[in-house]
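Novice: Here's a structure for you.
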Amino acid sequence: GYKAKQGYVIYRIRVRRGGRKRPVPKGATYGKPVHHGVNQLKFARSLQSVXEERAGRHCGALRVLNSYWVGEDSTYKFFEVILIDPFHKAIRRNPDTQWITKPVHKHREMRGLTSAGRKSRGLGKGHKFHHTIGGSRRAAWRRRNTLQLHRYR
């Protein structure tokens, strides 16, 4: 259940359901036919992470901790986003919560560091997650596409 705590804010965010339409004028994408798609495209991230991002943009001084689904209808999904005030004394003095006051945790939601954001990054253990070995898709790609010519080879 809900419990009011000092330094914590709950935002209820409404996100429109469905896929993402490519924002092009009159459907003119230009280029090869393989990239002509406009309508049946799917966004790479979840609607929950979109909700977190919007809450984080709206409340720039707060830090996004996490979020959860609260309901949906035919048009919208509703999420509640937990935000923390990093300058509230109750947060700064509590050893369990003062980690989020550090500058490195600014805008976690924009960088895919929340639970919902991490799910779309392909991180994990085992043979199903080989494309993110090294921490990210980019790190794995860079390592596999870099030619190392050692002095003694």
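Counting starts with 1 at the first residue shown.
For all residues, glycine too, the Cβ spot is worked out from N, Cα and C.
Pulled the feature table from Swiss-Prot, pasting it below:
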CROSSLNK  Lys32  SUMO2 cross-link
MOD_RES   Ser46  phosphoserine
MOD_RES   Ser49  phosphoserine
REGION    114-135  region 'Disordered'
COMPBIAS  118-131  compositional bias 'Basic residues'
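Thinking about packing and proximity, how do these listed features fit into the structure?
Specialist: In the three-state DSSP assignment, the secondary structure recorded for Lys32 (SUMO2 cross-link) is coil.
Listed in sequence order, Ala116, Lys119, Ser120 are the same-chain residues at least 6 apart in sequence whose CB falls under 8 Å from the CB of Ser46 (phosphoserine).
The secondary structure of Ser49 (phosphoserine), as reduced to three states from DSSP, is helical.
Sequence-distant contacts of the region 'Disordered' (114-135) (same chain, six or more residues past either end, CB-CB distance under 8 Å): 44-46, 48-49, 52, 64-67, 108, 143.
With DSSP classes pooled into helix, strand and coil, the tally for the compositional bias 'Basic residues' (118-131) is 7 helix, 0 strand, 7 coil.
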